[in-house]
Each structure stands twice: as structure tokens, then as C-alpha cells.
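Report on one structure; see the data block that follows.
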Amino acid sequence: MQVEVPGIQANVPGVHPAWLPPDAFRAAGTRRVLVLADDSEVAGTVRAEVADACERHGGAVVAPGAAGDLVLALSTAGDLPPAVQASRGQEPGPEGFVLGRRDGVTVVLADHPAGLLYGWFEVVRRGAAAFGEDWPAEVHRPALRRRMLDHWDNIDVHPVMGQVERGYSGGSIFWRDGVPHEDLTRVRAYGRLLAATGVNAVAINNVNVHATEARLLTDRLAEVAAIAAELRPYGIRVHLSVNFASPIALGGLDSADPLDEGVRAWWARTTERVYETIPDFGGYVVKADSEGQPGPFAYGRSHADGANMLADALAPHGGVVHWRAFVYDHRQDWRDRSTDRARAAHDHFAPLDGLFRDNAILQVKYGPMDFQPREPISPVIAAMPATRLAVELQVTQEYTGQQRHVCYLGPMWSEVLGFRFWGPGERTVAEVAARGGLVAVSNVGDDPYWTGHPLAQANLYAFGRLAWAPDLDPAAILDEWIGLTFPGGDDLVRGTLHEIMDGSWATYERYTAPLGVGFMVRPGHHYGPDVDGYEYTPWGTYHFADRDGVGVDRTRATGTGYTGQYPAPWSEVYESRSECPDELLLFFHHVPYQHVLQSGTTVIQHIYDTHFAGAEEAAGMRLAWEKLAGSVDPALYARVRERLDEQVRCAEEWRDQVNTYFLRKSGVPDAHGRRIY
Ligand code: GCV
């Protein structure tokens with residue numbers, strides 16, 4: 001049963017409209033709009049969007065030849081009105097558009113229907129500002145070619161992980177009780193929300209592909225086709241996570257060896273059938289030889305052999321394989337100090353550079369570990385110039401508060417995308433990944449607010465916007481999201497939301513694991529503090545705290561040598577205790593508690609100070625939210641309020657456990673004499 005949210009205007013009954021409430025279309029919907037497009041499905045969407053907005057807000061769709069004050073035109077359409085001429089000759093490409101205003105007419109001109117759709121949503125985003133003074137034509141093109149969300153949805157409810165692995169927003173929007181939802185309206189609404197941010201690909205099932213889900217590739221393919229049909233009108237292609245051992249599990253073969261002719265033929269045939277059913281199918285996502293998933297190692301083959309076999313099966317149909325680089329030994333012995341999980345992806349993949357097919361995309365998590373609130377950027381991204389790379393982020397908040405905590409991740413992703421491995425003026429991560437793409441694990445479920453915590457919608461929004469334009473200011477994206485989602489919001493509403501959310505990642509970092517050391521979460525579900533939770537487990541994540549100091553020595557001089565995986569200047573910066581940025585110090589160095597940071601504080605005092613400050617800031621967020629009682633929808637108010645109570649409680653728990661742990665280990669008292677247990 002879908003829970004009804006009272007008092008909201010919704011496109012799907014009972015479901016919050018997120019950043020597309022009808023009011024967000026007011027400015028565009030009051031115009032006289034001319035659409036000059038083709039018969040494609042996406043162009044049909046643009047027409048339907050325009051018609052709907054005009055019907056709601058009193059505008060009109062006008063016929064060719066009539067005067068309009070908003071024109072959305074394909075460059076291939078005939079009879080382009082004079083206002084459009086100024087926008088011609090700019091080559092916006094397959095998904096881009098040209099946007100300008102001349103003689104009181106706002107013009108979106110695109111070469112392809114997808115560009116028209118993205119241009120329409122840009123006009124919506126700008127609201128009244130899209131119809132003020134004239135401005136010269138601007139070209140908008142996505143910086144990254146594929147902007148993709150990966151769902152970790154299962155069909156069946158997994159006994160440990162639930163229906164959506166690391167999902168904090170209820171069940172799947174695709175399946176319930178082992179079968180697809182009868183009504184997929186919600187999937188279409190999801191596609192619409194994503195298209196409005198620029199996302200163009202969705203992988204619909206978990207990368208840990210269990211027995212039932214493996215069959216989506218074969219006898220349950222119709223379910224994939226049904227989902228693809230809902231997303232296609234919004235320019236989104238569907239991808240599927242597949243199990244590397246499918247030839248055995250589904251095909252009855254006795255091997256999945258990527259160099260075996262029978263295996264290769266099985267994948268070729270199976271893939272052909274996929275394309276017969278879904279001609280615009282995007283491709284496969286594969287987690288192989290990782291955390292228990294099968295892979296090419298069983299046959300003495302490399303990851304390139306595995307990826308290329310699937311790439312070859314997909315190539316005749318224009319598909320791609322996203323092969324994940326999340327490969328490490330999760331059966332380590334904590335006594336063995338030479339094994340370093342941070343090194344693993346680079347050790348495995350850097351030697352394979354140049355060996356992957358052009359339609360094999362290596363999908364690399366942004367950090368070398370696992371989506372921690374603070375990690376250095378994965379050196380794999382710098383090490384494979386002859387390979388198409390996609391960077392993977394995590395919108396679902398596995399390690400950042402599980403959608404019970406407010407944690408706006410735009411600023412983190414902006415830092416990741418803008419990072420320059422080779423120093424100032426050199427290429428950014430976003431530029432390196434331009435041919436591959438930006439991928440993120442979705443935070444969406446069948447919750448009436450989509451994301452459990454209503455404010456977590458901003459992360460989904462920010463992901464799409466940054467994937468399109470990585471140099472956007474994350475604070476501006478936040479304001480954009482606030483403006484769209486709370487269209488009638490006054491200064492109090494807008495200002496308070498900004499105040500609560502903009503610094504929330506920094507706050508979260510303050511009350512959790514210090515100075516980049518990471519983890520310290522409860523094993524298994526990963527929520528809440530447990531300083532030694534993983535310290536002596538086989539997963540290989542350690543902080544090495546003892547009575548003298550804390551942190552992991554990853555230097556070349558005395559540690560695991562991980563710093564050597566970076567190019568200069570970072571290989572030198574990270575190697576040096578005095579130059580290593582404070583926020584990553586404990587990721588790279590084991591230091592005494594009295595080590596003085598660049599900030600001038602000792603490590604131990606920094607731990608105390610940030611933990612007291614972080615918990616206080618969380619309490620401040622709740623106080624700020626209370627100012628909005630009566631100013632936002634009551635149900636939404638209550639949902640956020642209830643989660644802030646939990647955030648404040650949990651932040652105090654983190655503060656007290658981390659501070660107490662380090663006081664007991666170090667014996668160094670807090671310089672300010674605050675209460676530590
Ligand atoms: C889907 C982490 C998560 C796992 C996830 C894995 C991955 O280890 O805890 O739930 O598995 O990352 O990215 O494959």
C-alpha cells in the first residue's frame with residue numbers, strides 16, 4: 001500500500017513531486033509556446049510536457065506560423081521562425097541545446113530530441129528569469145557522456161540486505177513481492193525527475209546478482225523491457241547488472257571462461273536476444289571477483305579478458321559494459337600489515353591499461369576504499385589514460401547517515417570532480433571521465449518522498465546536475481533545488497533550508513571518523529559508531545590506534561607504499577606528514593596524538609573539538625528546522641523533524657564513543673575540560 005502524503009500536489013497520487021511540482025512550471029506554462037520537432041518518442045514527451053504546463057497555468061501551445069514567446073525547435077525542422085536564426089550554427093551535439101532570448105522570444109534549439117527535452121527543463125529551472133531581458137544564445141552540452149544511476153534493487157527480499165541493498169527509502173520502485181509492480185507509473189515519474197537533472201541511463205538491479213535477478217537477462221527479460229518502455233520517453237536507456245557465471249547458472253554450460261568459444265557464443269546469442277526485445281538497451285554492469293561475486297579469476301583470466309568478452313557481445317548492438325574496479329581481498333588477516341585494501345584496485349587494474357575494448361568502461365569508485373565521507377581520490381582514475389573510465393559515487397547514504405541524517409553531498413562530489421591529479425591547471429577528474437561517465441548508486445525507493453529523508457532528494461538532484469556540468473557551484477545547485485521543490489517558499493524557508501543543508505557534509509564528517517581515517521561504523525549495516533568494529537575483521541580497514549598514536553602509514557618510506565600510486569605532485573604531498581592535507585592525514589600517516597596539524601591544533605585536540613562541534617551543529621540543525629513549523633507542508637515537516645531527532649541522538653553517540661575511545665587510548669585530557677566518559 002502506498003502511504004498517502006496529505007497536502008501535496010503530486011504527479012503520482014500519494015507521491016511527493018520532488019523538484020517537479022506543478023508550480024515549478026508556472027513561468028513556462030503561461031507562455032505561448034511553439035514546438036517544432038519530429039515524431040520521435042522524446043519529442044512527444046516535450047510536446048506533452050509543454051501542453052500540460054500550459055493547461056495548468058493558462059498558456060497556449062501555438063501552431064507553426066503563429067507568434068510564440070517560447071520556441072522549442074529541432075534544427076532539422078522546417079519553417080524555423082526568425083528568432084531561431086540567431087541560435088543556429090552552434091552544433092550543440094546529440095544531447096545539447098542552444099538557449100537564448102531575442103526580440104522577446106526565448107528559443108531552445110537542438111539537433112536531437114534529447115537536447116530539446118533538456119532545454120525545456122532548463123527553461124523550467126530558470127522560471128521567470130527565462131523570459132526577462134534578451135540574452136545572447138548560450139550553448140549547453142553535458143560534460144560527461146553517460147550520466148547514470150545504478151540501482152542495487154533485488155526482485156526478492158534478500159535475507160540480510162533487504163529488497164534494496166543499502167536502500168534507505170523502502171522497497172524497490174520496480175519490483176514488489178517478487179514480481180514487477182503492476183503499475184509502473186512511478187517508474188515513469190522517476191524517469192521524468194531524472195531527465196530534469198540530465199541523467200540518461202539507469203541500471204535497474206543490484207550488482208550483487210542473486211539467482212532470481214540473474215534471470216532478468218533471459219526468461220525475465222520482459223520485465224526489463226517494461227521498465228525500459230517507461231524510461232525511454234525521457235531519454236533514459238536501461239542497463240542491467242549481470243552475473244559473470246550466467247553461462248553456467250542460466251545456460252547450462254560447465255564453464256564461464258571468457259576465452260572459451262562456447263561461453264562467448266552463449267553471451268553473443270543471449271545479448272542478441274536482449275536487443276531483439278529492447279533495441280536501445282544500454283548494456284551490462286558487472287561486479288566480478290569482488291566480495292564473493294564470480295569472475296574471470298576462476299579460469300586464470302584477467303579482468304580485461306572478462307570485460308572484453310562482454311564488450312564483444314554488446315558491440316554489434318552499440319552497447320557498453322561497465323566493469324567495476326571495486327576489487328580487493330575481503331579475506332585479509334589483520335595481523336598481516338603488508339596488505340592494504342587501498343592499494344587493491346590500482347594493483348589489479350593499472351597494469352591492464354590499454355587492454356580494454358573501447359566499449360568496455362571501467363567504473364571506479366571515487367575513493368580507494370568504499371564511499372567514506374572522506375577519502376583521497378582513487379589513483380586508478382589517473383593511471384589508465386588508454387581506458388574509458390567512469391567514476392562511481394554513492395547517492396544512497398550508506399556511510400553518510402543512511403538518510404536519517406541530513407548530509408548534502410554536492411560539495412563532496414564537486415571536490416571529487418574538480419580534483420586535479422597532475423596539479424593546478426591540469427585536467428580534472430571530470431575531464432578524465434568525460435568519455436566514460438559519472439555513475440552513482442541511487443537513493444530512491446517506494447517511499448512517498450522517494451528518498452526516505454525528504455531533504456535527501458537534493459542529493460539525487462545534485463548528482464544529475466553535476467554530471468551534466470561538474471563545475472556548477474554546489475551551493476547554487478542546492479538553492480536551485482530548494483527553489484523548485486518549495487516553489488512558494490519565502491526567505492525564511494529558503495534561507496533555513498540552505499543553512500541546514502549547505503554545511504551538512506562537513507558537520508557529518510566532524511562527528512564521525514576523524515581526519516580521513518574512515519569506517520569506525522558498525523559492521524554489517526554500517527550505521528552508527530563502532531571505533532574498533534572493523535579493526536580486527538577480514539575486510540581490511542584499520543585505524544591502528546594505540547596509546548601513542550593513530551592512522552595508517554601508507555607512505556613509500558615506511559608504510560604500504562600506497563602514496564606511490566599517485567602521480568606528482570600528489571605522490572609527494574601525501575607522502576609528507578607536514579604537507580598532507582589535514583583532512584586526510586590519518587588516511588596516509590600514523591602520527592602521535594600530539595602531532596600538530598596544519599591548522600595549529602594537535603590531532604587529539606582536533607578529535608575532541610570536532611566531535612563536540614559536530615554534535616552541537618546537528619542540534620543546531622534541529623533548532624533551525626523548528627523555525628519552519630507552519631511554513632512547510634506539515635507531513636514533510638514531521639518527517640524531517642523525526643529524522644533530525646535521530647540525527648542529534650546519533651551524533652551525540654558518535655561524539656561520546658569517539659572521544660571516550662581516544663581519551664582512554666591516549667590518556668590526554670581535553671584542553672577545555674569538557675565531559676568525556
Ligand atoms: C552492492 C559496499 C557495500 C555493499 C556493495 C559494495 C559494492 O561494500 O557495503 O553493499 O555491494 O560496496 O559496491 O559492490
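Cβ coordinates come from backbone N, Cα and C, glycine included.
Given the structure is predicted, the values throughout are model-derived calculations rather than measurements.
Per TrEMBL, these features apply:
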| type | residues | note |
| --- | --- | --- |
| ACT_SITE | Glu291 | active site, proton donor |
| ACT_SITE | Asp370 | active site, proton acceptor |
| ACT_SITE | Glu398 | active site, proton acceptor |
| DOMAIN | 139-450 | domain 'Glycosyl hydrolase family 67 catalytic' |
| DOMAIN | 451-674 | domain 'Glycosyl hydrolase family 67 C-terminal' |
*Note down the number of other Cβ atoms within 10 Å of the Cβ of Asp370 (active site, proton acceptor), including every protein chain shown.*
18
_Just to confirm: which same-chain residues, 6+ apart in sequence, have a Cβ under 8 Å from the Cβ of Glu398 (active site, proton acceptor)?_
Arg166, Phe371, Val441, His526
*Are there any residues in the same chain, six or more apart in sequence, whose C-beta is under 8 angstroms from the C-beta of the residue listed as 'active site, proton donor', and if so which?*
Asn208, Phe326, His330
*the domain 'Glycosyl hydrolase family 67 catalytic' (139-450): mean pLDDT?*
97
